[in-house]
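Colleague: Pulled the feature table from TrEMBL, pasting it below:
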type: BINDING; residues: 43, 44, 45, 46, 47, 48, 49, 50; note: ATP binding site
type: DOMAIN; residues: 112-167; note: domain 'FHA'
């Protein structure tokens, strides 16, 4: 093990140099007539960006209904990521990506644009004419090509910095000190079990001279049941699950352990078997039908909204669920912020500053 560490140690510094070199000559382009807010992280893996982006969209929709909202994403592993696209109604995650499809389903009135070159994709596909326009840059902290008015960096409270090393020795995308670029840090996935770690995390930030506002957030999971008819149509209904039931959890996300813990809490159950797939796993008929063979009699299939969006388009899979009378539950995540009033005041100040600029134009 020590030998591997010695081998990877110089590679970690090489990664840091290559990252610095790639960012060195990149200038940030100001998207015209928009307020840009970035949501990103320092690490690989899931830190809860998707539910936090959705938290922001809900806030702006409720507080500033006259504003158009655009979510601008790379569209990781999407077939149309290279050329770019604007998401239509009627989802195809394979074409447009998992998280963008999830955003579009939750917020049909929002404009969702994907593309590796996010600047070019926005300029080509944007259909909003009004200057009352907020763009949320999804996973944007390392995307220097687009200027942003505000940067949120999310840190997973379960393991905010890992071993403190960058890839490949650790899972940091860039050194901790670079979080000084952020305008605010949000600790995510806080629980009574991991809250004691916060003091140490904050000491690490202080040692790295990171002095920005810090917020603390929790997941609020809800359980919905998918009711599938014999015609293979379906609808979802929020339920209060039975803690005595047996469950089979299936997911392909960046941090499956976190999903398991969230499911255990939401279901109040200790009887959960699980099967994890790689992040952004592309479910096909063969893999889904093989998966169903592992589900035991009376077990309930439990999965995430992100996974279900991809599963539900497979007709043989739906038919087999109906034939075997397998119930399907979804874990839906919403974010609750401890310092919500302070966060909303910060967001309101951002909009106010932006409006004062467009009034002068």
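Here the Cβ of each residue, glycine as well, is placed from N, Cα and C on the backbone.
Distances, neighbours, how buried they are, the whole picture for these features please.
Modeller: The local packing around residue 45 (ATP binding site), expressed as other Cβ atoms within 10 Å of its Cβ over all shown chains, amounts to 16.
Taken together, the residues in the domain 'FHA' (112-167) have a mean pLDDT of 96 on the 0 to 100 scale.
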Colleague: May I have the DSSP-based helix, strand and coil counts for the residues of the domain 'FHA' (112-167)?
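Modeller: Helix, strand and coil residues of the domain 'FHA' (112-167) number 8 helix, 18 strand, 30 coil.
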Colleague: Which one, from the binding-site residues 46, 48, has the smallest tally of other C-beta atoms lying within 10 Å of its C-beta?
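Modeller: Looking at the binding-site residues 46, 48, the Cβ with the fewest others within 10 Å is that of 46.
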Colleague: Starting from the Cβ centroid of 43, 44, 45, 46, 47, 48, 49, 50, which together make up the recorded ATP site, report each further residue of the same chain whose Cβ lies within 8 Å of that point, ordered by sequence.
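Modeller: Neighbours found: 41, 154, 156, 254, 255.
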Colleague: Helix, strand or coil: which one is residue 50 (ATP binding site) in, per DSSP?
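Modeller: The residue in question, residue 50 (ATP binding site), is helix (DSSP, three-state).
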Colleague: In terms of DSSP three-state secondary structure, what is the assignment for residue 43 (ATP binding site)?
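Modeller: DSSP assigns residue 43 (ATP binding site) to strand.
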